[in-house]
Amino acid sequence: MNSSSVSNEPLVLLYADLDAQRVQQQLIPLLNTRLGEAFATLTVQVFNPEQPTGFAPGSRLVCYLSDEHLRELVLQIQNQPLTLALLPHPEMKHARYGFGIAGKMEEALTDALNNAAVEADLLLCNDVPVFNSVVIGDALTLTPGEALAEPLAQRVKRFIRLVKGIGDVTFNAFKITTHKEKIVDTAALGIVVVEHGRSSVLSRRLVADSSVNDGMLHALVLAPRSVFEMLRFLFASLFLRDYWNNNSPSFVGHIKSRSLSISSPKLISYTHDGLIEKSNSLQLKVEPQVLQLAPGRHLALEEAEAESKEAVRTRALPAGKAKTELVTYPLPWIHHAATDEFKELFMAMRESAKASPSYLTLMVLATLLAVFGLFANSTPVIIGAMILAPLMGPIIAMALGTLRQDESLMLVSSRSIAVGTGLAMGCAMVATWFIPLTTVNSEIAARISPTLLDLGVAVISGIAGAYAHARAEVAKSLAGVAIAVALVPPLAVAGIGLGWLDLTVFWGAFLLFLTNLVGIVLAAVITFMILGYSPFHRAKRGLALTVTLAAILCIPLAIGFGHMVAEHRIVQQLDGIVLDEVKLRDVAVRPGTPLRISLTLVSGSAVDNATMDRVKQRIEQKLQQPVELEIGVKVIR
């Protein structure tokens with residue numbers, strides 16, 4: 001802040017007649033103690049807006065006036081060699097915020113008497129001065145001013161009040177024309193217009209390139225696409241005060257211009273420095289550097305020349321069909337993107353859905369790699385097959401087609417999945433005929449007993465896959481998604497089961513593949529819907545279909561999960577216990593009738609048949625069911 005002792009200026013104290021008593025009893029004595037020899041003369045004058053009064057050139061007008069009276073005054077003294085200095089009047093709320101005036105009288109008086117004058121712009125709305133902001137519609141918490149200085153309890157009350165009113169929010173269509181005739185045709189919840197953002201913490205973050213004398217105004221256009229987006233913004237702006245330092249709201253458009261014309265088909269309700277007004281159109285313009293202002297201590301100042309370069313950042317604002325939907329229908333809970341807003345994703349999904357030669361080649365290579373890895377019982381090789389497999393693309397495309405009820409996309413992707421599935425199982429079956437191994441090792445066994453846990457893995461992978469396809473910046477995570485969901489190894493095991501003519505292996509592995517397929521599609525459908533790629537009324541048919549398929553699959557998966565839990569409990573009951581001076585170790589359970597348990601008996605002496613029979617009898621008593629034991633013996637000497 002530039003400060004100096006300003007001397008030889010005629011000093012004029014302006015006040016309204018209603019404030020005469022306080023001025024005489026408090027303000028004038030306080031002024032006299034501060035003046036000394038700093039000013040040549042002191043004049044005390046009652047301000048009458050209906051009788052313009054001439055002031056001596058070079059005078060410093062120390063004003064104890066309301067916002068209403070200040071509007072009349074600045075229209076009289078603009079472009080004159082007069083310095084405007086402001087004191088905090090109880091009804092000068094908006095000028096205090098707009099010009100950064102201190103709230104305490106002693107501090108404000110120090111600034112008014114000592115701060116050197118700077119040239120300042122004047123914002124006009126329909127030819128009426130604006131000190132703080134013009135708020136059109138509902139600006140949520142973007143209004144510059146006191147909201148950011150409120151204590152926590154008041155902010156909580158404000159948040160609750162705003163949340164209660166979310167159901168009543170309505171969008172209006174706006175046509176915004178800039179000084180250089182650029183037209184923005186959009187729909188918005190509200191528009192905040194400020195001459196600068198230097199006196200408000202929040203608007204300073206959103207309008208970083210503003211100044212009190214740059215000759216430009218700034219319009220922040222708010223167009224949240226969903227209730228959830230609004231809630232997130234309300235919470236962050238009221239409680240996370242540093243949040244917008246690095247995160248500008250994604251739904252806020254910013255227009256910087258010398259003037260704006262804002263019109264709407266309907267009557268616009270707006271507040272002009274807190275005063276409620278209505279009009280079909282607003283004309284906003286900046287009169288550059290027409291005021292000589294003694295700035296307050298809270299007004300950040302920068303040297304600025306008249307800035308003629310407009311900035312129109314409206315990419316986040318709805319246009320076309322999206323604009324029509326927001327004006328016509330209530331604000332949805334989840335953002336619904338218009339077709340033209342996800343054209344690139346839709347085109348990419350159409351390409352991913354096709355059974356191209358490269359897709360078929362990768363399916364064969366991934367399957368053969370998985371088969372050799374399974375027979376070799378090699379986890380790294382199987383992981384390589386997971387990464388190589390191209391099935392994720394058509395599955396995600398089918399999810400998007402199901403969500404959008406796009407029959408052509410659903411048909412193409414379904415055909416690609418079917419061809420890829422048949423090709424993978426056929427290749428695995430043929431490869432099995434040439435490999436003389438028929439043992440179910442641990443890698444094969446791990447893929448023939450699917451449970452609800454596998455469905456959970458598929459759902460999480462589907463969410464990640466859909467999100468990675470929808471957001472280019474996280475597409476590099478698709479390799480991790482492919483590893484997590486492992487689509488090709490179950491198909492390879494199913495093919496191995498066919499090659500062995502073992503229906504148990506085939507059915508278990510194929511059930512795991514179906515679990516992954518349905519789980520991914522279900523999760524991807526829901527994820528795309530949350531991301532706004534289809535409204536619920538269009539998505540509900542496809543969503544119902546995938547939920548039904550998932551529910552049917554849950555029956556065998558729940559049975560399998562129940563068996564797994566039961567086996568785990570048996571292992572917990574038996575592993576490590578001592579029966580007839582023999583300790584049970586390495587307990588493993590295999591399903592069947594009767595239940596088959598493999599275990600190791602650890603003893604200090606040889607274990608005879610009678611001891612083994614007693615151990616079996618004790619186990620059957622403990623488990624209350626017949627069992628068949630596979631016993632290994634370890635003797636400790």
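All positions are counted from 1 along the displayed chain.
Note that Cβ sites are derived from N, Cα and C of the backbone, with glycine treated the same way.
According to TrEMBL, the feature transmembrane segment maps to 359-376 (among others). Outside the transmembrane segment (359-376), and at least 6 residues removed from its termini, the chain residues within Cβ reach (under 8 Å) are 382, 384-386, 388-391, 393-394, 416, 419-420, 423-424, 427-428, 431-432, 435, 437, 441, 443-444, 488-489, 491-493, 495-496.
Per TrEMBL, transmembrane segment is recorded for 382-403 (among others).
The transmembrane segment annotation in TrEMBL covers 415-436 (among others).
What TrEMBL lists as transmembrane segment is 448-468 (among others).
The transmembrane segment annotation in TrEMBL covers 480-501 (among others).
Non-local neighbours of the transmembrane segment (507-531) in the same chain are 334-335, 337, 392, 395-396, 398-400, 402-403, 417, 421, 447-450, 454-463, 465-467, 470, 485-487, 490-494, 496-497, 539, 542-543, 546-547, 549-550, 553, 556-557; each lies 6+ residues outside the stretch with a CB under 8 Å from one of its CB atoms. Marked as transmembrane segment by TrEMBL: 507-531 (among others).
Taken from TrEMBL, the feature transmembrane segment covers 543-565 (among others). Away from its own ends, the transmembrane segment (543-565) comes close to residues 402-403, 449-455, 511, 514-515, 518-519, 521-522, 525-526, 529, 591 of its chain (Cβ-Cβ under 8 Å, at least six residues beyond either end).
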Surrounding residues of the transmembrane segment (382-403) on its own chain - C-beta under 8 Å, 6+ positions past either end: 345-346, 349-350, 352-353, 355, 358-359, 362-363, 365-367, 369-370, 373-374, 409-410, 412-414, 416-417, 420, 443, 462, 465-466, 469, 478-479, 481-483, 485-489, 492, 517, 520-521, 524-525, 528-529, 533-534, 538-539, 542-543, 545-546
Chain residues outside the transmembrane segment (415-436) and at least six past its termini with a C-beta under 8 angstroms from it: 353-355, 359-360, 363-364, 366-368, 370-372, 375, 390-391, 394-395, 398, 488, 491-496, 498-500, 513, 517
